[in-house]
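A quick write-up on the structure given underneath.
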């Protein structure tokens, strides 16, 4: 599945949105939006007054009252349609996800062995902890962890990426997702979720927004809008007795009608942002999905907009991530070939790019052929985040390679001595931005393998943009401080954490949060889970482990760590859109005030005609023009609410100034022009 962004006013979406907008006229739906609920009540009230005029139960202009009632209903419908369009785009995305989810069968195993007895069962009957065998051509029946085997898996149904990926037991690529398909070989998988709780089920629920809760900022803004609505409601309510008293005192004009007061109230309360607020939130999650990122809630998207510290893994995010062995640097008393032989032996079972490159370099330099570890009766020691080294035990030899501090501890624990000359070699490699990998055999240090990595093109400029926005970037790496400092300087990050362990990451996040900062990070391994759970915005890689995906509040389907920067941009754009439209909505009130107040009270107080600076044709056309503009502006702003305002990297103060000029001044001027044009049209049509 590819998450292609659909056109905002695509005919099928518009038709569905129109039907949904009418369905949302149900009062049980309307009361959830307090601002628009006031407009909804005003629509019913003016409609009843219009019917009373038609039936002769009261006096007044049926044409004027009916027109006001009609446009108030349009205001409610347009607000409903904005939300329905946003939800419609999400529902279309959910429908394509449902197409991926289909009934399949599973080979349930009694034990975690490929040759264990198996039973054919429906995938829907599988429970957490069940074991299944998945062979070439089979659909993965559940989300789970690979316990045995390795296979090529087609994940295009979930990620949109056509290239197959390798899933195998152990390491950070042991997670499989229900709905994907095994292309070759076999896997023994333990199911980690029950039916209805799979990643695909959660994706569908998230993008549908069926259980969308308001975010903290959305709640705060709603409280502000409700407060403004109450203030304007009280102010409008006092105008009726004031009008009656004024008419009696001056013996001129007539009291303001309920219809005019309702029109005034609707034009003064912040209906523009009130009608678009929900659509902005839904569209934010939809834009995140368009970037192939699944957010667990709008709360996560909003938090991304408030982030001011990014923790970025060096490998794959800042550098290309394909570090290659470039040189063997032997310790005193050791030949380069001896070092190459030991380094190659320790890397024969190492499937990392670094390990494979060491094997290749040893072949190229000294014609050292690969050896079969099984025939040598060798035991491979895999790398772990805790030991920060790997190696091999072969016959009487105990070879280890890893970070300088890890090898130092290993050598000293074996009563060995770490030569100062090797420290010099390590510093020399690190100063040039390379990564020194120290090799030792038993208690003897053999030397250093220099690994070279390349900083991604354009990454320095992206970090400069983030700095303009007030976001601090911190590089996380397992390299020593010298290497980390060299790469950090080249990439242009603000700070770095060298020789990082899972505990150090967690401590750093807590330190920043204690300072009142919001932290974002990415991760893919089980060892990243505690830090992901602690971070305010935690983007787990889809290729990572189940534990990492459960700990994060977002999942990147492309498994691209650099995506974190784009996630922050989308979050900030959503917050900016909400703020910009709020500014525009409140600024709108000024022009409507100049339109309606003179029209309502000039007959009693002729001096108020001085406020009719737009020279509107008549009181009725002035009021109707303001109400029509109030409804139409929602329609014109729907594309902006769904797409988001244009985003540029700059400081918060500069952004505020820019948006005040565009949306504050625009909100003041546009209604003057719009209301005057509508008044001219109504006059030309003899409706004023």
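Placed from the backbone N, Cα and C atoms, the Cβ positions cover glycine too.
Swiss-Prot lists transmembrane segment for one of the ranges 559-579, 622-642, namely 622-642.
Outside the transmembrane segment (594-614) by six or more residues, the chain places 239, 243, 246-247, 250, 252-254, 256, 260-261, 263-264, 267, 620, 622-623, 625-626, 672, 675-676, 679 with a CB less than 8 A from a CB of the stretch. Residue 350 (ATP binding site) sits 19 Å from residue 524 (Mg(2+) binding site), counting Cα to Cα. Spatially, the transmembrane segment (34-54) is not adjacent to the transmembrane segment (622-642); fewer than three Cβ-Cβ distances between them are under 8 Å for residues at least 6 apart in sequence. Take the Cα of residue 524 (Mg(2+) binding site) and measure to each of the recorded positions 313, 383, 387, 389, 401: the nearest one is 313. For residue 383 (ATP binding site), the number of other Cβ atoms no farther than 10 Å from its own Cβ, over all displayed protein chains, is 19. Counting only the Cα atoms, the space from residue 401 (ATP binding site) to residue 528 (Mg(2+) binding site) is about 23 angstrom.
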